[in-house]
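Asker: Following this message is one structure expressed as structure tokens.
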Amino acid sequence: MPVFKGSCVAIVTPFTENGVNFDKLGELIEWHIKEGTDAILICGTTGEASTMTDEEQKEAIKFTVEKVAKRIPVIAGTGSNNTAHAIELSEYAQSVGADALLVITPYYNKTTQKGLVAHFTEIARHVDIPIIIYNVPSRTSLNMLPETYLEVKKKAENVVGVKEASGDISQIAEIARIMGKSFEIYSGNDDQVIPIMSLGGLGVISVTANIIPAKIHEMTTAYLNGDIEKARDMQLELNPLNKALFIETNPIPVKTAMNLMGFGVGPLRLPLVEMSEKNLEYLKSVLRQYGLLKEEN
């Protein structure tokens, strides 16, 4: 069985000035389950994991697992450019009941493809739950090549798939060809969900689902149920919104949008800062077009 099919929200982390707002996080989790979200990723890029302490990350993972209470899968972001640190977070996530892990390729230290094999194999050796690799070269300055997944899989059976955010459809097609249907491919880009699903992808780990979870669930479910035309039409309809949510570095626009829409998810953490006035006005105009923001806002 795959970790999930359909829409997994890369959920934002609500903050107060003093820490994680667990009351608000709990509200968001309940809302996502009600809206049909198929899985929740906690402590991903969109959740600002890079500016959370280890203690905050662990508390957020534990809280999410307990709040969800097995109603849908919980995927914990446990990646690091320090293999030992990734192992520590991964072991913790498994110990509190996470269903799977999302582990980003190492960033900044720019290892080789051989190093990627060693990194993921070593993490996988310390846990039993499924691991989804996260390939996002625009953030890491490192691209995991299709043949490297095969080398990892030979040594680590619990590496089950990839969140592919390279934007390179040819590369994703090659991963699908080399790895076969048992290897789970998830879109890491909201504007490429249906193209990737057409190559055998099972869904998306989504930023946009933070504000329209029911729509992203509906789109992916349509494709999975064979209604290709509906899924395609929804992808095209939503792409201007997807674009607006990446007009500045993620998660600046999506968190701003959520606050504009009344979700009250609190501030960004430095070094992320508020949007420029020009981009803010553009975001507002797009949200209004989709009926997500009242005209007076």
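Using N, Cα and C of the backbone, Cβ positions are placed for all residues, glycine too.
Below, the features straight out of Swiss-Prot:
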ACT_SITE  Tyr134  active site, proton donor/acceptor
ACT_SITE  Lys163  active site, schiff-base intermediate with substrate
BINDING   Thr46, Ile205  pyruvate binding site
SITE      Thr45  site 'Part of a proton relay during catalysis'
SITE      Tyr108  site 'Part of a proton relay during catalysis'
Asker: For the residue listed as 'active site, schiff-base intermediate with substrate', find which of the recorded positions Thr45, Thr46, Tyr108, Tyr134, Ile205 come within 10 Å, Cα to Cα.
Answerer: Tyr134, Ile205
Asker: What does DSSP say about Thr46 (pyruvate binding site): helix, strand or coil?
Answerer: coil
Asker: May I ask for the distance between Tyr108 (site 'Part of a proton relay during catalysis') and Ile205 (pyruvate binding site), taken between their Cα atoms and rounded to an integer number of Å?
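Answerer: Ile205 (pyruvate binding site) has its Cα 23 Å from the Cα of Tyr108 (site 'Part of a proton relay during catalysis').
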Asker: Using all protein chains shown, find which of the recorded positions Tyr108, Tyr134 scores highest when you count other CB atoms within 10 A of its CB.
Answerer: Tyr134
Asker: Neighbour count, 10 Å Cβ-Cβ cut-off, for Ile205 (pyruvate binding site): what number do you get?
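Answerer: Total other Cβ atoms inside 10 Å, all chains included: 30.
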Asker: Whole-number answer please: how many Å between the C-alpha atoms of the residue listed as 'active site, proton donor/acceptor' and Thr46 (pyruvate binding site)?
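Answerer: Each residue's Cα considered, the residue listed as 'active site, proton donor/acceptor' and Thr46 (pyruvate binding site) end up 13 Å apart.
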Asker: Relative to the Cβ of Thr46 (pyruvate binding site), which residues of the same chain, six or more apart in sequence, are found under 8 Å away?
Answerer: Ala10, Ile11, Val12, Val207, Asn210, Asn250, Pro251, Val254
Asker: Around the C-beta of Lys163 (active site, schiff-base intermediate with substrate), how many further C-beta atoms are within 10 angstroms, looking at every protein chain?
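Answerer: Summing over all protein chains shown, Lys163 (active site, schiff-base intermediate with substrate) has 25 other Cβ atoms within 10 Å.
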Asker: In sequence order, what residues of the same chain, 6+ apart, have a Cβ less than 8 Å from the Cβ of Thr45 (site 'Part of a proton relay during catalysis')?
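Answerer: Non-local contacts for Thr45 (site 'Part of a proton relay during catalysis'): Ala10, Gly77, Ile104, Val136, Arg139, Asn250, Pro251.
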